[in-house]
Amino acid sequence: MTEFIQKWRIYWLFKSAGETRKINGLFFYLRKLPIVGKRISVSIYRNYEVKKVLFVLMTVLGIVMKLVMKFLWIGINLGVISLYSTMLNLKGDVVENGLVLWVLTVPLLVGCFAGFGERLSQHDADFIANFLVSNKFFVHSRMLVETIYDGLSYLPALVVFGAIAGRPIFVPLVGVFCYLGGLFLFYYLGRCISSWSNAARMTCNWLSYVAIGGLIGLLVWRDGFSQLFQWGFGWPGLGLSLVLLVTSSWLLFNYQGEERYNYWLIERSVGQLEAMATAKKSSHSYLGEGLKMQKELKLVEGEGTHLTGNQYLNSLLFSRYRPTLTRQLKWRLLGIAGVGLTIVAISLFTDLPRLSEKEVISLLPALFFVMYFVTFGKKVVQMVFINCDSSMLFYPFYRQPKTILQGFYFRFLKTFYYNGIVSFGMFVMVLLINSVNGFFLSFSFFGILGFLLLSLSLLFSFHELFVYYILQPFSSDLEVVNPVYKVVAGVFYWIAYMNMQLRSMGATYVVLVSLLSLLYVAVGLIVVWRVAPKTFRFKG
């Protein structure tokens, strides 16, 4: 009992450190907000009374959310059973069948994933290093306390659904015993196979998933959910689940190779964390393209020699990355051509019904979402920051208003050049599709299409640069330190996605989107002229 209390204390210290880190992170981002941040003093990090209140609130909220999620997990299983009961003519009550499905999926599948895939996260490794905790003791503490905590968190949901099913005693007891026993069993099995090769462990893992899936399939085929509920959530099931819990607990806590397993777990986790760090760096959410393009740099001699100053610097940058940008442009054009030629082939060699001009116009709003992914605005921003601005912003002459505005206009025109070619390729493919389908699209349609593509090319050439120059969200160590930038990026993606969902809008909406895009660019250029010289600085 004393050892369990010590493990609980270690786990509580671990969770407390995690919540404190979240609170400090919340203060950090609040202080970065443009208006609110200036009113928050750095002394807030030392205000332990506020931290204590926030800690209690976050802890209570975390407990409530965990209980709610347990109801949701069981509810999902009930929903799946309800969905397929009619299709498969399953007998029995939906709640009863759903509880049986929950026992087969959550304790077994979650146990399989946790036991065979146990590893230390970066926060776990940091906690062990910072608090000088024994690896073995921490792994045991986290595994034991988290499993018991999760299992007991299911009690309220199991009591409620057990009462609905008419077995308010058996359902909670069998459910918790199966959850704890299942996880402890797979934790033990995970330790037993830790000395196997990676291929053998993966095979064992997948065979376990297949076996669990096969058991569920067998019950569906034999319509055995109802019978299993009557048997499993009665005295026989209670006895077997208790035997499972006692046996798996004894095997796990008397495992003789725990020391070797911990060394293996640490070595495996460190390797995974290093691989994840490398992958995260190469696929940085906001600078990954720029870092990738930096590796593909090609030197081009003798270009832009007639230019001077900042114009020469930007010309040199784009000329050196021209092979990379051109290759990406070719892939986009090939993709557009592939889609267009596929539509042409379908038109020529199938008897599928043809779309009318009105139906084609209703598809045009989706171009907003397509252009979001195929245009070069984000790539150019990452390229210029990684390979130019991250170094040059340290120099006062580079932060002069004239230099900043010249750089913006040059980059905007270069981005529009590449985006314009993409838009022109789309326009040509629509012309080709129209020609092989009897010229069913009118000249007014192509006027609307051309206006939309031109407007979107300007919008997507301008937007990323505009946000970059106004917010300048990056620090000198390539981190995003302006939370507003992430919000703006998310909102813009949402707008693009919502345009893809529109199907009933006509030509009026397309023209409206085009006009709003041009208005956004026009107003944004004025804002850049007035504000960018003051905001284009390193943050953080």
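Every residue, even glycine, has its Cβ placed from backbone N, Cα and C.
The transmembrane segment annotation in TrEMBL covers 53-79, 99-117, 144-164, 170-190, 202-221, 233-253, 329-348, 360-377, 416-433, 439-471, 483-500, 506-529.
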Problem - Cβ pairs under 8 Å between the transmembrane segment (439-471) and the transmembrane segment (506-529), at least three - result: yes
Lying 6 or more residues past either end of the transmembrane segment (99-117) yet within Cβ distance under 8 Å of it, the residues of that chain are 73-74, 77-78, 80-81, 161-162, 165, 171, 174-175, 178-179, 181-183, 185-190, 193, 201, 204-205, 208-209, 212, 215-216, 219, 225, 228-229, 232-233
* To do: Run the contact check on the transmembrane segment (329-348) against the transmembrane segment (144-164): 3 or more C-beta pairs under 8 Å, excluding pairs closer than 6 in sequence.
  => no
Note: vs the transmembrane segment (144-164), the recorded stretch with the largest number of Cβ pairs under 8 Å from 170-190, 233-253, 360-377, 416-433, 483-500 is 170-190
The recorded stretch from 170-190, 233-253, 360-377, 416-433 sharing the largest number of CB pairs under 8 A with the transmembrane segment (483-500) is 360-377
The answer for the transmembrane segment (170-190), taking Cβ pairs under 8 Å and residues 6+ beyond its ends, is 99, 102-103, 106-108, 110-112, 114-118, 143, 147-148, 150-152, 154-155, 158-159, 161-162, 232-235, 237-238, 241-242, 244-245, 247-249, 251-252, 255
Sequence-distant residues near the transmembrane segment (53-79) by C-beta distance (under 8 Å, 6 or more away from its ends) are 16, 19-20, 22-23, 26, 94-95, 98-99, 101-102, 105-106, 150, 153-154, 156-158, 160-161
